[in-house]
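Here's the structure we're looking at; comments come further down.
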Amino acid sequence: MKEKLSCFHAAILVHMTQTGIVIFALPGLLAVQFGTNGWLAVPLYFIVTLINVSLIAIVYRVGEGKSIFDILERSIPKVMLYPLYVFLIGLWSLIGCIAAKKYILLFQLIAFPTTNPMAFKFVIDLLAYALIVKGLYNIAKTATVFFWLIIWMGLFLFYFFGDLEWVTFTPFVFQGGHHDVKTYFDIYAAFLGYELSLLFIGYSDRKTRLVKAIIWGNGITAINYILICLVSFGFFSLPQLKSLFVPLLDLLASIKLPFIERIENLLYGFFLFSTILTIGMYSWSAKEVSQRIFPTVRSRFLAFVIVLLSFIVSFIPKSLYEVDKWLRLLAYLEFWVAFGLPLLLISVLIVQRGSKGELSHG
Amino acid sequence: MSLRTNIQRWIFNKESAQSRPAEKLPDTERKPTLAQTLDEYKDCADLIHRTYPDIQVEVLYFGHMVNKDLLNREVIALLLNVEPDEVGNLLNQPQFKVANDSKGLIIGILSGQIAIFRGEIVYLADIRGPESRSVTQSETETVITGPHDAFNEEIDINLSLIRRRVKSSHLKVVKLSVGEITKTNVCVLYILDIVNMDYVDEFVRRIRAIEVDGIYDTNMLIQYIDDSPISIFPQFLTSERPDAIASKLLAGRVIGLVDGSPSVVSAPTSFFEFFSSSDDYYQRWSIGTATRLLRFIAFGITISFTSMYVSVTTFHYEMIPENLLLTLTESRSRVPFPPLYEALLMEVTIELLREAGARLPTKIGQTIGIVGGIVIGQAAVQAGLTSNILIIAVASSAIASFVIPSYVMSASIRLIRFSLIMAAGIWGNFGIAIAITALVIHMCGLTSLGSSYLTPVAPFKFKDWRDTFIRSPFKTLIERPSQSRTKNRIRNKMKK
């Protein structure tokens with residue numbers, strides 16, 4: 001029997017998929033975009049994600065737990081769906097691949113600057129392949145273990161409590177920000193990942209309480225972000241935060257323990273645990289979609305092709321600047337997919353319900 | 001198989017064959033006869049063949065496999081004194097069982113039974129005489145408090161040690177035989193109403209599917225029935241302690257005994273089970289908890305200490321505080337090798353010492369330990385082959401590895417340590433993170449008898465943490481572990 005996701009696993013999986021590389025730049029992005037007390041924007045973003053989750057919940061409820069592919073393929077001919085599938089495969093595998101590249105390039109800011117980044121990318125892709133071929137249930141288990149392996153890092157936040165300058169939390173809210181439209185999407189990228197839970201529907205049952213799990217996962221992410229941003233806004237001044245490229249790394253770099261210091265590269269290494277989950281989940285989603293186009297092909301082979309192609313594509317963006325440009329575009333597209341896909345599914349379900357009603361009446 | 005077919009099989013969903021070989025049907029059952037049996041044992045000089053012409057009875061047995069007193073009292077004396085017309089009645093007594101197939105008869109004689117041929121009917125009488133070492137203390141699983149008896153190589157004695165502790169008619173035993181030539185007896189034990197029968201069926205199915213000429217030990221058997229034979233991790237727990245095995249039975253596990261082996265297997269098992277010892281339950285809960293936590297800390301130390309040393313001294317000197325940095329630089333100043341070689345040299349030497357100590361008699365083993373300690377501890381540093389701090393790191397991680405109660409798990413972890421050291425030597429902290437990621441991904445895919453190897457962490461079962469990472473007071477240990485998937489979950493009805 002295929003094992004189903006539990007509520008806890010689904011929640012952690014959502015949280016770990018969301019927690020990726022954007023977390024390092026998030027306090028800086030909030031400072032640039034919103035200005036003073038920018039961390040207060042995190043709950044606002046959380047509310048937007050909740051609206052999106054409510055759309056996913058409608059799909060789950062109205063679709064009676066059917067997989068999104070079954071819903072789509074019941075009403076729309078497969079040939080018409082193929083362009084959408086190809087788009088999703090491309091988008092999701094690229095997000096995974098570019099996120100990995102960004103993680104590596106960021107790491108090279110603190111260590112191994114002369115090593116070819118593609119050597120790191122190769123190893124990370126191997127790990128991603130090993131992860132996705134194990135299937136969603138095992139990915140969820142891995143997410144749970146990684147969650148416990150990194151959650152303790154939250155204790156370091158207490159380290160900064162003595163250094164927080166309460167004066168930086170001015171009574172002025174959102175003053176001195178740029179309020180640039182593109183950056184809104186950049187920040188939203190930190191929350192993206194929950195939309196992949198649409199694909200969990202086929203792997204869950206009533207016990208999973210999927211919607212609750214997605215909300216919980218999202219909630220853990222939001223609390224996490226709020227705490228990190230709160231500490232960052234208290235530790236750094238606003239101009240400092242605006243000028244820092246990766247404030248979280250600078251924050252970690254200031255930790256000094258009696259027997260060890262400058263542990264940012266060690267802790268950044270541990271962030272591989274959540275990054276690999278983000279990469280793995282996007283690649284796994286791409287594989288799930290590709291399985292609908294090639295149902296007879298083994299999923300291992302599909303995973304191999306996806307990972308291989310994304311490895312090849314990741315040779316193209318060379319610098320962090322280029323990678324950021326790619327990620328911005330991908331996050332923008334993913335934002336619309338996150339809202340658009342559930343809306344498409346809801347419309348299809350409404351049509352299906354309508355025709356079902358006609359049949360039963362007629 | 002052609003390359004093309006192989007590629008097609010890899011790409012497409014065509015499972016042409018099941019991963020495990022199909023079970024063979026038993027040989028055609030034949031009626032046993034004396035001539036045929038004698039023919040089977042041709043050239044077996046140790047086979048004893050006696051005839052009793054007066055009563056037209058012939059007996060076959062291996063003299064060294066039977067209990068001589070029992071043989072004389074229960075068989076020979078009776079056959080010598082019986083009247084010809086009373087033989088039928090005598091052999092109808094319950095200790096004589098009719099052998100209906102020749103294969104069963106052959107195996108019966110081989111396992112120490114006596115075969116009695118009377119006309120066309122053949123009887124078997126069980127008069128095995130176990131020549132085995134007595135029940136002694138386990139050398140690999142010693143405890144400070146608690147029972148000291150341990151299993152030995154005789155399966156019947158092992159069964160009796162378990163039965164003495166679990167006096168329940170619900171304790172069931174399935175007898176199996178493994179090995180085409182050795183025909184080793186294997187017993188599968190479980191407690192009806194507590195165990196999940198799916199586990200029993202799967203365990204028995206896997207053992208029956210073994211097609212090999214022989215097995216000699218439980219640890220060998222479990223490598224044939226592992227869920228993932230190529231994994232470095234043991235996927236079944238073995239123990240030499242009857243009390244530990246009795247507790248596993250009550251926890252809803254399936255138990256396997258192999259004749260000739262003092263190790264007994266328990267399944268399903270989880271990675272964290274290897275960190276618990278019987279001692280934890282015989283001491284106060286607070287001591288048990290502290291000891292158990294210590295073992296997990298030891299696990300962390302053993303896999304990370306040397307690799308962190310390599311990583312920090314090779315790539316990340318900035319991580320060392322200034323005061324410590326001076327000592328470390330001074331210590332490393334005379335060492336001509338990179339930290340990776342230095343660490344590998346020391347780790348290999350420690351492993352050599354351990355292996356030599358394990359193979360030699362205790363007294364010589366001690367000498368090896370002292371000599372090795374002096375050579376490694378002082379001479380290596382004085383000769384400039386290694387730094388003092390590395391000695392501390394290597395020694396700490398070696399000691400920590402021995403804190404893990406299961407020898408099999410401890411050996412696996414020591415091997416993993418080497419891969420972490422290598423990874424640290426190549427890419428520093430990032431290499432360590434990569435190695436841990438790979439390890440976790442691998443472990444999350446592992447199962448034991450189909451249930452997750454990382455239970456109760458993944459899948460997350462918080463209730464089970466009370467008897468995993470800690471050993472909470474007995475009154476709070478109300479339920480059996482969730483990994484057992486038992487319907488009979490409550491084990492303790494006492495009020496808190």
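Glycine is no exception: its Cβ is also placed from the backbone N, Cα and C atoms.
TrEMBL annotations: computationally assigned, not manually curated.
Taken from TrEMBL, the feature transmembrane segment applies to A:12-32 (among others).
Away from its own ends, the transmembrane segment (A:38-60) comes close to residues 27, 30-31, 68, 71, 173-174, 177, 187-188, 190-191, 194-195, 197-198, 201, 210-211, 214-215, 218-219, 222, 225-226, 229-230, 232-233, 241, 338-339, 342-343, 345-346, 349 of its chain (Cβ-Cβ under 8 Å, at least six residues beyond either end). Residues or ranges marked as transmembrane segment in TrEMBL: A:38-60 (among others).
What TrEMBL lists as transmembrane segment is A:81-106 (among others).
Taken from TrEMBL, the feature transmembrane segment applies to A:118-137 (among others).
Per TrEMBL, transmembrane segment is recorded for A:144-161 (among others). Long-range contacts of the transmembrane segment (A:144-161) within the same chain: residues 8-9, 12, 15-16, 224, 227-228, 231, 234-235, 251-252, 254-255, 267, 270-271, 273-274, 276-277, each at least 6 residues beyond the stretch ends and with a Cβ under 8 Å from a Cβ of the stretch.
Sequence-distant contacts of the transmembrane segment (A:181-201) (same chain, six or more residues past either end, CB-CB distance under 8 Å): 5, 10, 13-14, 17-20, 22-23, 26, 29-30, 32-33, 41, 45-46, 48-49, 52-53, 56, 59-60, 63, 65-68, 92, 136, 208, 210, 213-214, 217-218, 221-222, 225, 278, 281-282, 285, 288, 327-328, 331-332, 334-335, 337-338, 341-342, 345. Annotation comment: TrEMBL describes A:181-201 (among others) as transmembrane segment.
Summarising the annotation, TrEMBL assigns transmembrane segment to A:213-238 (among others).
Annotation source TrEMBL lists transmembrane segment at A:266-285 (among others).
Within the same chain, residues 89, 93-94, 96-98, 100-101, 118, 121-122, 125, 128-129, 132-133, 283-284, 286-287, 290-291, 323, 325-326 sit at least 6 positions outside the transmembrane segment (A:297-317) and bring their C-beta atoms closer than 8 Å to a C-beta of that stretch. What TrEMBL lists as transmembrane segment is A:297-317 (among others).
According to TrEMBL, the feature transmembrane segment maps to A:329-351 (among others).
Among residues of the same chain six or more beyond the transmembrane segment (A:118-137), those with a C-beta under 8 A of the stretch's C-beta atoms are 2-5, 96-97, 100-101, 103-104, 107, 112, 200, 203, 272, 276-277, 279-280, 283-284, 287, 299-300, 303-304, 307, 310-311, 314-315. Away from its own ends, the transmembrane segment (A:12-32) comes close to residues 5, 38-39, 41-42, 99, 102-103, 106, 139-140, 143-144, 146-147, 177-178, 183, 186-187, 189-194, 196-197, 200, 213-214, 216-218, 220-221, 224-225, 228-229, 232-233, 236, 238, 241-242, 244-249, 271, 274-275, 277-278, 281-282 of its chain (Cβ-Cβ under 8 Å, at least six residues beyond either end). Ranked by Cβ pairs under 8 Å to the transmembrane segment (A:329-351), the stretches A:81-106, A:213-238, A:266-285 are led by A:81-106. Residues 20-21, 24, 72-73, 117, 120-121, 124-125, 128, 196, 246, 249, 268, 271-272, 275, 278-283, 285-286, 289-290, 292-293, 306, 309-311, 313-314, 317, 319-320, 323-324, 326-327, 330-331, 333-334, 337 of the same chain sit 6 or more residues outside the transmembrane segment (A:81-106) yet have a Cβ under 8 Å from a Cβ within it. Under 8 Å from some Cβ of the transmembrane segment (A:213-238) lie the Cβ atoms of residues 5, 7-15, 18-19, 23, 26-27, 30-31, 35-39, 42-43, 45-46, 49-50, 53, 56-57, 154, 157, 160, 163-166, 168-169, 176, 190-191, 194, 197, 244, 247-248, 250-251, 254, all in the same chain and six or more residues away from its ends. Same-chain residues lying 6 or more positions outside the transmembrane segment (A:266-285) and placing a CB less than 8 Å from one of its CB atoms are 13, 16-21, 23-24, 88, 92-93, 95-97, 99-100, 103, 106-107, 110, 124, 127-128, 131-132, 136, 139, 142-143, 146, 149-150, 153, 156, 193, 196, 199, 249, 252, 303, 306-307, 310.
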